[in-house]
Ligand SMILES: [Cu+2]
């Protein structure tokens, strides 16, 4: 096939595609016009919601680029056929594109940091949260420096050392010194970051409990698709649970034979006294969920069949945070951070951090799980509530501490 015939064939084919596309669009337009006269008007805003629309736009853009490419090729071939020098210096074009990409890309990074950077979470509202934020910031600073330096080298060198007929490439296959530098330096930096992470994590998780300053125990149970919050009642201990005891009236499977369970209270929101350590006991009824309190920098999986524990101290009340963020509607949240099924998005609850006095008023208003129905089910005398011996409570307390310690050591 001669070159001219080839080009003509290609052009005819391209024209045929364009004409077909145009004809189809016209047919659509006519249909739409006819339809509009007969039926209620179609909302064109809906078009933007369909996937097909974006596929067609993508194909149209590809077609446009292909046509431009073909036109340039035809221009170059015709120059070649006439014995003229090549019209476009592609090495120069590519090198300039690299340089342009570097400038636009770095500006994009700057824009991301300044515009979206302010959309990050506000300052941590818990004691350990400050350490996590420091680690996050240090990692971000180091990776940003490395990112900017390597990209200037990568794109800058591609521009500076673009092909030149006057220059011969220097063959440079290996250099031990360079190999050592770019192996040892990242290894050292990563070792420091990993060690810092390890030590921070340890300091958050392994705490020696002060017997005079016991944390407030709160049990959170996840299930598809909700959270249940259990407060320990006056004894300060969340009682035992057993999945075999789950019934329609005892959905958490609380074991009311355990005296510590009897005063346990249910709550619809999590209310925490400011400045007091909180020990979260997390469990799950069905699949693994992830308990996440973004403002307190708390995140831990809830796992069926085991208890996971996280201890933290909130340092700012909701009211203080509303002032700080200048948002009177601000509320702390906890939510599920693991896609756990269709209703996952619905798994969130409000957390209110309040003063000690407000907390006491609130907790006094909460109902106990144990009601007359459950008393009958567990063969317990129907009110008045049983009196618990101090020795019993102390023994249970040390047992609970041991179980928690075991869970922590795992
Ligand atoms: Cu989820």
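Cβ atoms here come from the backbone N, Cα and C positions, even for glycine.
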Original post:
Between 53-72, 73-92, which stretch does TrEMBL give the note transmembrane segment?
Top reply: 53-72
**OP:** Determine which residues of the chain contact the transmembrane segment (93-111) at the Cβ level, with the cut-off under 8 Å and only residues 6 or more beyond its ends counted.
**Re:** 144, 147-148, 151-152, 155-156, 158-159, 162
Original post:
Who are the chain neighbours of the transmembrane segment (181-201) in space, where the CB to CB distance is under 8 Å and they lie at least 6 residues beyond its ends?
Top reply: 131-132, 135, 138-139, 142
Original post:
So which residues does the transmembrane segment (138-161) touch in its own chain, when a touch means Cβ under 8 Å and the partner is 6 or more beyond its ends?
Top reply: 95-96, 98-99, 101-102, 105-106, 109, 113, 189, 193, 196
**OP:** Give the residue counts of the domain 'Cytochrome oxidase subunit II transmembrane region profile' (113-208) per reduced DSSP state, in the order helix, strand, coil.
**Re:** 69 helix, 1 strand, 26 coil
